[in-house]
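**Q** Next up is a structure, given as structure tokens.
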Amino acid sequence: ETEPLTSKKDVSGCSKGEDCKENGLLVRNPKSALRLVEDGNKVHPSQGDKGEAAQISNGYSGVQSSVPCNGEVEDAQGTAPAATTTTTTSTTCGAEAQQQLMELEDRETWSKKIDFLLSVIGYAVDLGNVWRFPYICYQNGGGAFLIPYTIMALFGGIPLFYMELALGQYHRNGCISIWRKICPIFKGIGFAICIIDLYVASYYNTIMAWAFYYLISSFTAELPWTSCTNPWNTGNCTNYFSKDNVSWSLHSISPAEEFYTRQVLQVHRSNGLDDLGGISWQLTLCLLLIFTIVYFSIWKGVKTSGKVVWVTATFPYIILFILLVRGATLPGAWRGVLYYLKPDWQKLLATEVWVDAAAQIFFSLGPGFGVLLAYASYNKFHNNCYQDALVTSTVNCLTSFVSGFVIFTVLGYMAEMRNEDVSEVAKDTGPSLLFITYAEAIANMPASTFFAIIFFLMLLTLGLDSTFAGLEGVITGVLDEFPHVWGKRRELFVLGLTIVCFLGSLATLTFGGAYVVKLFEEYATGPAVLTVVFLEAVAVSWFYGITQFCNDVKEMLGSAPGWYWRVCWFAISPLFLLFVTCSFLSNPPELRLFDYDYPYWTTVVGYCIGTSSVIFIPIYMVYRLVITPGTLKERILKSITPETATEIPFGDIRMNAV
């Protein structure tokens with residue numbers, strides 16, 4: 001981007017019917033439209049209404065509007081004479097305009113395009129791709145599940161992914177302040193997103209602390225979850241990989257499971273959510289180290305995090321390839337692959353399968369967490385975000401599919417060793433699939449120490465860049481909303497944020513912390529994020545206007561989105577979100593972890609946690625209507641009308657467009 005006009009140049013006098021520039025901004029007569037030509041950037045006024053589009057020499061069109069200093073869009077019509085309608089700028093107005101321009105110019109951008117792509121891929125590809133997709137796939141019909149999964153991706157997930165990237169790149173704001181430029185009454189969505197991100201940070205990083213504990217424990221000649229001779233083992237511990245003839249009974253527990261439950265989590269020292277027990281100091285130290293890494297990776301902004309993701313986003317793919325090759329050479333691997341992909345066409349008639357497909361693609365791509373808005377806001381204005389959306393979402397979906405082979409080749413090997421069916425081995429879901437089943441398989445491979453180290457290192461890197469992204473969504477949102485407070489104090493704000501997240505994670509570090517993690521995972525994010533993105537899609541498509549949004553995309557890319565994208569944004573994607581949300585609310589999950597059945601009151605607590613973030617949306621709507629002057633109709637109209645101009649870069653001039 002070239003430098004804008006600076007205030008060092010003399011301000012020419014403004015006369016009736018002419019445009020002038022002041023404080024480095026082009027100030028437009030509300031009764032004229034701009035016509036920019038290539039010869040010398042001359043500005044020729046032409047008669048027309050305020051909202052008339054100005055034809056620009058490069059083929060783009062920009063809708064100009066008069067934006068007064070108070071941030072509200074005013075109508076140019078009135079009883080004042082023509083001379084008084086000429087735009088003039090007071091000292092205060094000029095200062096505000098100059099501050100807006102300085103904020104725009106000071107906004108950092110990605111050093112390279114690849115930094116942005118790796119950051120988005122690293123965010124979208126997380127631990128869920130490794131454990132959730134394979135389990136959801138075989139549970140819902142194997143290969144047949146790929147049909148509803150692809151349909152939901154094409155008509156729901158990818159359009160929403162593309163929409164958020166385009167919004168962030170065009171308006172160049174975080175999840176809170178962006179609503180001033182779209183539909184101010186929905187600004188509560190931004191606050192809700194920040195609360196959701198904090199909830200995620202409070203439990204997601206604890207899972208990484210478990211992986212870090214495993215990583216440290218792997219630096220031994222014999223992995224500690226290999227034998228039954230450790231202090232934490234019980235009489236039911238059965239090592240069927242031993243050279244002795246060992247029969248696997250109904251009460252048998254593998255050494256890997258006892259290491260996970262009794263040494264890492266220590267859930268036997270807790271009686272459930274009623275009595276969580278003390279805090280595990282080992283996990284606390286692991287989590288403290290993780291947050292230290294996170295802080296020094298994001299404290300300086302995307303310039304530093306964009307370099308860190310070169311490792312955290314690419315390393316998992318190297319390890320996945322190594323594990324895939326190793327798994328394919330294990331005896332019985334074919335049994336796992338067959339179980340993974342064998343289609344059960346009858347499953348397609350079940351509503352639950354389509355709900356699971358929609359939920360999986362949505363939470364895998366990750367719109368609604370403010371991350372895509374934040375990352376895209378640091379792009380160049382004319383970056384091809386359409387291409388980025390297709391590339392990153394495709395990589396994400398393919399990663400999930402390949403991860404299934406990595407997991408199920410090992411499950412087939414486990415079934416072969418136990419002499420059981422794959423379905424019996426694949427009972428573990430969620431983190432247990434990685435920390436029990438897969439860890440046990442690794443422990444009994446040749447060069448087990450090496451494979452254990454790289455596997456848990458892969459889990460750490462998968463989680464780290466997702467944590468970078470989640471916190472960046474909050475950081476960008478708050479810094480853009482309160483630039484006068486935190487604009488020059490990013491490092492201090494990030495430090496405070498990481499401390500808050502660490503303190504918020506203490507409940508998950510207790511002996512019963514795994515129960516808290518499960519509760520937050522199911523209730524704190526699921527329905528809340530679905531509601532947020534549903535309202536976001538409605539606000540953009542129905543209030544801001546699908547035509548205006550497509551014009552914004554045309555300003556950036558040179559061509560407007562086709563009818564497919566318009567139909568998805570306007571109707572299909574909102575219906576997609578409403579369908580998943582209603583299905584979840586009508587059938588709340590019955591939670592069970594290990595041998596612990598969650599009491600009935602946890603459902604109420606879970607919905608309260610989820611509602612605590614979404615409640616900011618109606619609260620802000622009421623607040624907005626109360627503080628806005630005028631009749632009820634005038635208040636509503638002002639609250640749904642964009643109040644802040646978006647700076648459109650064009651050569652040496654930056655135009656204001658609403």
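The backbone N, Cα and C atoms fix where each Cβ goes, and this holds for glycine too.
Straight from TrEMBL, here's the annotation block:
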BINDING   Gly122, Ala124, Val125, Asn129, Ser364, Asn396, Leu462, Asp465, Ser466  Na(+) binding site
COMPBIAS  79-91  compositional bias 'Low complexity'
DISULFID  Cys228-Cys237  disulfide bond
DOMAIN    42-66  domain 'Sodium:neurotransmitter symporter serotonin N-terminal'
REGION    72-91  region 'Disordered'
TRANSMEM  116-134  transmembrane segment
TRANSMEM  146-167  transmembrane segment
TRANSMEM  188-216  transmembrane segment
TRANSMEM  279-296  transmembrane segment
TRANSMEM  308-334  transmembrane segment
TRANSMEM  354-378  transmembrane segment
TRANSMEM  390-415  transmembrane segment
TRANSMEM  435-460  transmembrane segment
TRANSMEM  492-517  transmembrane segment
TRANSMEM  523-546  transmembrane segment
TRANSMEM  567-586  transmembrane segment
TRANSMEM  598-623  transmembrane segment
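Would you situate these features in the structure and describe their surroundings?
**A** For Ser364 (Na(+) binding site), the Cβ neighbour count at a 10 Å cut-off comes to 23, with all displayed protein chains included.
The Cβ of Cys228 (disulfide bond) has 18 neighbouring Cβ atoms from other residues within 10 Å, across all protein chains displayed.
Within the chain carrying the transmembrane segment (116-134), a Cβ under 8 angstroms from the stretch's Cβ atoms is held by residues 110, 207, 302, 305-306, 309-310, 312-314, 316, 340, 360, 363-366, 371-372, 375-376, 378-379, 383, 388, 391-393, 395-396, 399-401, 403-404, 406-408, 429-431, 433-434, 459, 462-463, 465-466, 468-470, all 6 or more beyond its ends.
Sequence-distant contacts of the transmembrane segment (146-167) (same chain, six or more residues past either end, CB-CB distance under 8 Å): 137, 178, 182, 348, 353-354, 357-358, 360-362, 364-368, 372-373, 376, 385-386, 388-390, 392-393, 397, 401, 533, 536-537, 540, 549, 552-553, 556, 565, 568-569, 572-573, 576-577.
Same-chain residues lying 6 or more positions outside the transmembrane segment (188-216) and placing a CB less than 8 Å from one of its CB atoms are 127, 174-179, 264-265, 282-283, 286-287, 289-291, 294, 368-370, 431, 435, 439, 452-453, 456-457, 459-460, 463-464, 466-467, 470-471, 473-474, 477-478, 481, 500-501, 504-505, 507-509, 513, 516-517, 520-521, 524-525, 528-529, 532, 535-536, 539, 609, 612-621.
Beyond the ends of the transmembrane segment (354-378), by six or more residues, the same chain brings 107-110, 116, 119-120, 123-124, 128-129, 132-133, 136, 139-140, 145, 148-149, 151-153, 156-158, 160-161, 163-169, 171-175, 178, 190, 193-194, 196-197, 200, 302, 385, 393, 396-397, 400, 469-470, 472-477, 480, 526, 529-530, 532-533, 536, 576-577, 579-580, 583-584 to within a C-beta distance below 8 angstroms of the stretch.
Among residues of the same chain six or more beyond the transmembrane segment (435-460), those with a C-beta under 8 A of the stretch's C-beta atoms are 127, 130, 208, 210-212, 214-215, 218-221, 223, 225-226, 241, 254-257, 259-260, 264, 290, 315-316, 319-320, 322-323, 326, 330, 407, 410-411, 413-414, 417, 425-426, 428.
Listed as Cβ neighbours of the transmembrane segment (567-586) (distance under 8 Å, sequence separation of 6 or more from its ends, same chain) are residues 152, 155-156, 159-160, 163, 351, 355, 358-359, 362, 526-527, 530-531, 533-534, 537-538, 540-542, 546, 549.
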**Q** Which stretch from 279-296, 308-334, 523-546, 598-623 shares the most C-beta pairs under 8 Å with the transmembrane segment (492-517)?
**A** 279-296
**Q** Residue list, the transmembrane segment (390-415) vs rest of chain: Cβ under 8 Å, 6 or more residues beyond ends.
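**A** 117, 120-121, 124-125, 129-131, 133-134, 137-138, 146, 149, 153, 157-158, 161-162, 317, 320, 323-324, 327-328, 330-340, 361, 364-365, 421-422, 424-426, 433, 437-438, 440-442.
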**Q** Restricting to the same chain and to residues at least six past its boundaries, which positions have a Cβ under 8 Å from a Cβ of the transmembrane segment (523-546)?
**A** 160, 163-164, 167, 179, 182-183, 186, 189, 192-193, 196, 199-200, 203, 359, 362-363, 367-369, 566, 569-570, 573-574, 577-578, 580-581, 584-585, 605-607, 609-611, 613-614, 617, 640, 642
**Q** How big is the gap, in Å, between the Cα of Cys228 (disulfide bond) and that of Val125 (Na(+) binding site), rounded to a whole number?
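**A** Cα of Cys228 (disulfide bond) to Cα of Val125 (Na(+) binding site) measures 35 Å after rounding.
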**Q** Which entry in the list of recorded positions, Val125, Cys237, Leu462, has its Cβ near the fewest other Cβ atoms, using 10 Å as the limit?
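**A** Cys237, out of the recorded positions Val125, Cys237, Leu462, has the fewest neighbouring Cβ atoms within 10 Å.
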